[in-house]
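A.B. asks: So TrEMBL lists these for the protein:
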REGION    1-30  region 'Disordered'
COMPBIAS  11-21  compositional bias 'Basic residues'
REPEAT    105-139  repeat 'PPR'
REPEAT    175-205  repeat 'PPR'
REPEAT    208-242  repeat 'PPR'
REPEAT    280-310  repeat 'PPR'
REPEAT    311-345  repeat 'PPR'
REPEAT    448-482  repeat 'PPR'
DOMAIN    526-618  domain 'DYW'
Amino acid sequence: MNAATTYSPPYHRRHHQHHHFQLPPPQSQPSIVSIPTQKSILDLLNSKPATFSLQSLAQIHALALKTGHFHDHFVSGTLLKCYANPRFHNLDSAIQLFRNVPSPNVFVHNVLIKACLDNGEPLQAVWLYYELMMNDAKPNKFTYPTLLKACGDGGIVAEGKQVHCHVVKLGFAGDGHVKNAMIDGYFRCGDVGSAEEVFDEMEMPDRDEISWSVVIDGYIKSGFYKEALEVFNTMQSERIRPGKFVLTSVLAACAHLGALDHGRWVHAYVRRKKKSIVMDAVLGTALLDMYAKCGRLDMAWEVFESMKEKEVFSWNAMIKGLAMHGRADDAVELFFEMQRRKFRPNGITFIGVLNACAHSGAVEQALKLFNSMENVYNIEPEVEHYGCLVDCLGRSGRLEEAEELVNSMPIEPNPAVYGSLLGACRIHGNAELGERIGRLLLELEPNNSGRYALLSNIYAKAERWDDVAEVRKLMKERGVKTNPGSSMIELGGCVHEFKMGEGCHPKMKEIYSTLKVMIERLEMEGYVPNTSQVLFNIEEEEKETALQYHSEKLAIAFGFISTKPGETIRVVKNLRVCDDCHSAIKLISRVYGREIALRDRVRYHHFRDGTCSCKDFW
C-alpha cells in the first residue's frame, strides 16, 4: 500500500491514546465534506491559517488523505506549510509529513526549506536543499532567496559559496531577488568582502533601491555604520531615490554613529516627499530613535507626538530614549500613558522602564514595576529583566540584595547579569565580591576583554597591582585583545573617529596642541587628574599623560577647533566614560561655557555649567 494513504496526521498519531479520530458528521462541518475537491481543501487551508488548531488541521489532513488529494503537491505543500507554522512548535511533525509526500516536487521542498528557516533551523534547511538536489527535483528561483538566508543565519560561509556556484551554474545569477539574497547572505555570514563583490558585479539596471537597501542594511548588521552611510551617499550620487526601507536603515546607522546632520537630512527629505513616503510607525520610530541617540531628546519627543500611527514598539523606543537620558520619572509616566491610550506593555517595555530606574537610582519604583510584571501584566520576567533589577540595586549600593537576587533567580543567570553586579562592585569599591564575580565571569566568557578590564579596574582601585598583573598575564595567555576606546564626532556631515594613541587625523597636531592648552586651563581651575582607573603600576606622571589622550578628550578638542564659540559639542563613545574624563568634561563645560553631549556605552551625559545630567550616577 502506498505510504501516503496509510500516513496518519502528526496530531492524531501523537495523541492516539486520548483521541480516536473520526470525521465529524456532515451536518457539523458541511464545508469540509460537501465539496471534497482540490480547490475546496486548498480554500480551507488558505482561509484563516492563523486561527487553526492542530486538531482542526488534522481533520483537513485526514480529509485530504481520504479523498486522495494529498497526492497533489499543492495540497500537500500547503498542508505542510500550515503544520510548520512557528506558533505550533511542530517542525518535526512537518518533516515527517514531508517524508510521506510521494515524489515531492520543488514547491514542496521550497515550503519545507522556508519552514525550517522560520522555525530557527537554518542548517536543516540547507540539508533539505541537498536532498532536493539528490532527488532530481530541480530548484527554481524561489528556492535560493530562502536558502541563502539560511546559509547566512547559520553562519556557514563555505556552504553559501557552494550555493552561489549553483546559482551561477543553473542560470539564476541574473535574478534580482536571488542577487539581493546572495548579498544579504554574505553579510549575515560576516563575509563583507564577498557581499561587496556581488554588489559591484551587478548591471546598472539591476541595482535598484532594494539592492542598495540590502547592502546598507548588511553593513549595519555587520557593525560598519560609517560604510553604510558612504553607500547611501553613493546611492544618491547615482540618482536612486531612497524609499522608506532604505531611509529606516540609514536612520539606524545615524543613531549608532551619533550622525545628527545626516539624520536631520533624512527627516527633511521625508517631509519633502510626504506624498510618496508615508511616515508610518516603523519610519517614525526609527526617526525618534535616531534623535534620542544623537542627544536631541526634544526632537525625539516632537516626532513621537506628531506620529499619527504608533505601535507598542514606538512607545518602547520613546521610553528607552528617556531612560538613556536619565529621565526616569518621564519614562515611568509614559509607561502608564501608553496604557491609558490602550497599548499593552510587553517585555521590551519593562526592560526600558527598569533601565530608566537603574540610571536614576529609583530602586523602589523598579521593585514595584518588576513585581507587577507577573501579578498585573501576566508577563513572566526573563533573564534581561532580572539583569535590569540587579543593575538597579547594584548601582544604588545595595550589593547584598543584588547578590541575593542573582542567587535566587528562577532561571540561570547569564554573563550580563553577573556583569551588572561586577560593574556595581567597581563603582562602590567592593573588591571582595568583585573578585568572586570577576573570576566567575572570566570562566564564563574567557574571550570578553571587558570582563578582564573591569576586574583589573577593581584591583587597581584597591592598589592590588600584583593581581592587576595576573589578570593581564591571563589575557595574554588566552590571546584576548582589549577593545580600544574610540569616540566619534560628526561635523559638516562627516563622522570623525578618534582612538587613544592614533595620530592619523589630518588635524592631529592642532588637536594635541588645543588639548594641552585645555588641560593647563583646567589645572588652573583646580583640576587634578583621577588616576585610580589607570590599569598599570606606573609613575603618577605617566598615568596623567595616559589620561590626557583618552578618545573623548581628543574628540572634544577637535570640536573646539572646528565649531563656533557657544555651539554644542556632541560625542559618541563606544565604552563607559571613565571617572577622570567625566570630571574633566564637567569642568570644561563651565570654564569654556560650552554644552557637551556625550553618549557612552551606558547612557547620555549632558554637561552644562560644570554639572552633568547624570548627577554623577552612571
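The backbone N, Cα and C atoms fix where each Cβ goes, glycine too.
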A.B. asks: By a Cβ-Cβ criterion of under 8 Å, what residues six or more beyond either terminus of the repeat 'PPR' (311-345) are in contact with it?
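C.D. replies: Counting only partners 6 or more residues beyond its ends, the repeat 'PPR' (311-345) has Cβ contacts under 8 Å with 281, 284-285, 288-289, 291-293, 297, 300-301, 304, 352-353, 355-357, 359-360, 362, 365, 369, 377, 379, 599, 603-604, 606, 613-615.
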A.B. asks: What else in the chain is close to the repeat 'PPR' (208-242), if you only count residues 6 or more beyond its ends and a Cβ gap under 8 Å?
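C.D. replies: For the repeat 'PPR' (208-242), the list is 176, 179-180, 183-184, 186-188, 190, 192, 195-196, 199, 202, 249-250, 252-254, 256-257, 259, 262, 269, 495, 497.
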A.B. asks: Quickly jot the same-chain residues contacting the repeat 'PPR' (280-310) by Cβ under 8 Å, restricted to those at least six beyond its ends, or write none.
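C.D. replies: 244, 247-248, 251-252, 254-256, 258-260, 263, 266-267, 270, 317-318, 320-322, 324-325, 327, 341, 343, 568, 570, 597, 599, 604, 606.
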A.B. asks: On the 0 to 100 scale, where does the mean pLDDT of the repeat 'PPR' (311-345) fall?
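C.D. replies: It averages 96.
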A.B. asks: Per DSSP, what is the helix/strand/coil residue tally across the repeat 'PPR' (208-242)?
C.D. replies: 26 helix, 0 strand, 9 coil
A.B. asks: Please spell out the DSSP helix, strand and coil residue counts for the repeat 'PPR' (448-482).
C.D. replies: 27 helix, 0 strand, 8 coil
